[in-house]
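**Student:** Could you have a look at this structure, given as structure tokens, before my questions?
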Amino acid sequence: MSRVLIVEDSATQAAELRLTLVREGFEAERAANARAALSRLGEGHFDLVLSDIVMPGLSGFDLCRAIKADPALHALPVILLTSLNDLTDILQGLECGADNYVTKPYETRSLVDRIHQTLAKRAHRESGSGPDDMIFRGQHLRVTADKQQILGFLLSAFEDFARAKTDEQESRLAAEQDRLAAEAARVREALLRKEKEHEEELARTLAQKIEERTAELVAANQQLQREIFIRKLAEEELARKATALSRSNAELEQFARAASHDLQEPLRTVMSYAQLIARRYQGRLDPDADDFLRFITDGTSRMQALIKGLLEVSRLGSAPAAENAIDCNDLLGQALANLQAALAESGATITHDPLPTVAADPRQLLQLLQNLIGNALKYRGETPPRVHVSASRHEDGSWLFSVRDNGIGFDPRYADRIFALFQRLHTQEEYPGTGIGLALCKKIVERHGGQMRADSVPGEGSTFYFTLPALPDGPP
């Protein structure tokens, strides 16, 4: 591998030139100026020097003279790189001993060919005669035989520059065209081969992707089948439990009815005989007997009310709600008619805003309104009861009802407890009741897909809120 020393002050141009030479199979090093080049030549062996002419300090001409003047280096070929196009400058380069020159800007192929030619000339050079004297443009030049040949070629090329192409040039052009055609064919063949390789690689990649995707789909399908199987098992289990629950509810309802009948029958007997004894023997027994009889009749009445309430809760839990379009204004009027005696006795005032038409079971909704208004009448304060019923459209499209009273109220801490079955905040002596009414109200609302809650301030009154679904075609 031939070693070339590049003498170039421009680091960028030197790097580009070195990369070109390395690609062409040369070993190349750089010296930044003429002095550095001379120092490097003294340290190692090089086969050729490729030097710029215009450099700081010593020029390329000076470097060439120094190399040719050194007995150890005078045989080392020197090629000058120049952007000078004056013939005198070219001749000066030849006079200083340069073996060849390349004019900037140069083509890579031309530069490489010059290097090969110069190295070949050195290898086959024979000893020539002594230097000849020559005068050009008034300057005295000493030119060797080899340089005489180069100079003759340069002058001949310079003189024939404007003439038409010679047969040799045409031959070279034809040869170059043949070379280019062969190169084009080679490139085309390489492209076709590369395209075929690319197609084969693409086919392999596609086949691999299809195989991977197929495996993923098979795995996903297996997972889906497992999930479907598990879901089917869960649905079957749910259906079995639903059937069992339905059967249990039916049995519970039947039991509740039977228990209600079986419990109420002896209670009616106890009540009848207690009332008979009270009528027949009132005031004729010891002083406590009348109180004992009253306790019996009161307890029996409460027990009958409890059994009746439990039966209503049981029926509500099992029977489906028959939802119809219900005008709440009419239903409220019916509830007030049913409570007419209690309203008159308490001196209550009932008011309401225009109420909507909702989808509900009329019997259950009537019981809901009647229980809430009856509750307001029962838990009244010292002033006559005032109850106001209103409704507004809720955010989710349902209707939000409110029943507000001015009664005794309750501690907000017990807002959830009052809706529990048999839970009461007052004693039987203070306010008689079963503890079923509000629990039944909440169950009715939940059966219709709504929610129920209560707010209260002790001594100022309570407000009960509940939601009911609107009609499917929107508000009335």
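Just so you know, glycine gets a Cβ as well, placed from its N, Cα and C.
A TrEMBL annotation is a machine prediction, not a hand-curated record.
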**Student:** Out of 126-176, 177-227, 279-329, which range is noted as coiled coil by TrEMBL?
**Tutor:** 177-227
**Student:** Indicate whether D52 (4-aspartylphosphate) is helix, strand or coil by DSSP.
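**Tutor:** In the DSSP reduction, D52 (4-aspartylphosphate) maps to strand.
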**Student:** Might you list, by sequence position, any residue in that chain lying six or more from D52 (4-aspartylphosphate) with a Cβ less than 8 Å away from its Cβ?
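**Tutor:** Spatial neighbours, sequence-distant, of D52 (4-aspartylphosphate): V7, E8, D9, S10, Q13, G60, L80, L81, T82.
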**Student:** Could you give the mean pLDDT over the domain 'Histidine kinase' (258-472), rounded to a whole number?
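**Tutor:** Mean pLDDT for the domain 'Histidine kinase' (258-472): 79.
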